[in-house]
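Positions annotated as transmembrane segment by TrEMBL: 33-54, 106-123, 143-163, 175-196, 266-286, 306-322, 334-355, 406-432.
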Amino acid sequence: MWHDFRRSHDLWSDSFFSSTMSKLNPRTTKYEFLGPPGALLISIGVPSMIYGLYYGCSEQTGGCPPPTLTLSKLTSEITTLPLTLPLHELSWWKGLWHEVWDTDAALMYFAWYAFCVVAWRVLPGDQVEGIRMRDGNVKKYKINAFSTFLLALGLVTGVIFRYGPENFTFLYERWIGFATAAIFMSVFQAFGVYAISFREGALLAQGGNSGNWVYDWYIGRQLNPTLSIFGAEFDIKSFNELRPGLILWALIDISMMCEQAVRRGGIGGVTDSMWLVLLFQVGYIADGLYNEPAILTTMDITTDGFGFMLSVGDLAWVPFVYSLQARYLVFHPLLLGPVATALIIAVNATGYHIFREANGQKNDFRNGKDTRGLEYFTTESGSKLITSGWWGRSRHPNYFGDLLMALAWSLPTGFETPITYFYVTYFAVLLIHRQRRDDENCEKKYGKDWDKYKKIVPYRIIPYVY
């Protein structure tokens, strides 16, 4: 009898738990990115674009070709291409593999990732709570990304001053191998987190539970995939968001500077354009790492699951695409002069001020630390929407600041090729897409109050423009 009671109790518990998880993890009914076909195309397209930007703008292929590529030349080259690629020939695949794979670079990349994990575990850091999730839990995050950055920067600086800049040019020399290793890690992690998302009790992302494995693998099925490492809870998504890729971006920029220094007779020969790119980008990275808790309220952490979209973005796209300007200036050094330098600094400073002030207003307001007397109105759900300050000028003023900084990062490369302006163009498309996603989510959350808010703050990103 006791066994029968226990069996019925277990069945009831399992049924209750299953019902609870079904309510917490409803089936995704609306696709983004044109659904599974779009997810597949982006999954192929993002790595292809990383390689395309390298081969389309690199010293090895003769620089950035668009300024000298005429329509007649392009037409003649297209007509001489073979109608089909020899995909059935093993030798073709072997040649492609040898072109992009570098074992030494891969081992160094994996060692770098391991270094970041060990630094996360060993270096001290505050435990900061994220927002309350829909299952009622509040995750705690270890905040020490800036410490990891300082440690890495200190080690690299020591190598450069002790052994010379020629000993830190390997990221430029083995760029394609490092990029391939990062893409490999992205794919590996995407499959890994997709597999562990089927563990019992996993909280899934509301947009990543469609049942189509291609789409869910890409968009991210589990909201916060975690592992136990060295006896601590390791949140894969928040770790990747700031550490391995973002810090590597700074190191790549420094390696580009070292390569230019070697070619131009030492650190003193580094051009003002390279110093500007280094100052802007490394400064932006340092600022993001120093303000690490701010990411805990972003859509990436609170809403999106972790899949290939975020893994390839964090680990491969950010360091190897965003460093394009510095890589270009290695083989195309440009002297700007004091006037152009001052104007570009002004553009970047304006963008940074808007970006930091807007984020500061939002974070202080949310944490009950507002000292600016910001105006707001309270929605029916009890939430408060800011209607003054930068958030009274547009609904996403931080995006406006981001765009101005992105433009300033490209201006030091001059105007001889549009390729170095890929970043600001891509970033504008990305931010507009994010703005629309965010507005859509807010409309669902606040209902008619969101319509009221849009009348008070009509501009989406750029005040009086868009």
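Heads up, the Cβ atoms here are built off N, Cα and C, so glycines get one too.
Contact between the transmembrane segment (334-355) and the transmembrane segment (106-123) is not supported, since fewer than 3 Cβ pairs fall under 8 Å when only residues 6 or more apart in sequence are counted. Residues 146, 149, 165, 246-247, 249-250, 253-254, 256-257, 260, 322-323, 325-326, 329, 333-337, 341, 344-345, 348, 352, 405, 408-409, 412-414 of the same chain lie 6+ residues outside the transmembrane segment (266-286) yet bring a C-beta within less than 8 angstroms of a C-beta in it. Under 8 Å from some Cβ of the transmembrane segment (106-123) lie the Cβ atoms of residues 142, 144, 147-148, 151-152, 170, 174, 177-178, 180-182, 184-185, 229-230, 232, 234, 239, 243-244, 247-248, all in the same chain and six or more residues away from its ends.
Sequence-distant contacts of the transmembrane segment (175-196), counting only residues of its own chain at least 6 positions beyond either end whose CB sits under 8 Å from a CB of the stretch, comprise 47, 50-51, 54, 99-106, 108-110, 113, 202, 213, 216-218, 220-222, 225, 227, 236, 240, 245, 248, 252, 306-308, 311-312, 314-316, 319-320, 327.
Taking Cβ pairs closer than 8 Å, the transmembrane segment (406-432) reaches residues 53, 56-57, 64, 66-67, 272-274, 276-277, 280-281, 321-322, 324-325, 328-329, 332, 334, 336, 344-345, 347-348, 351, 396, 399, 460-461 in its own chain, all 6 or more past its ends.
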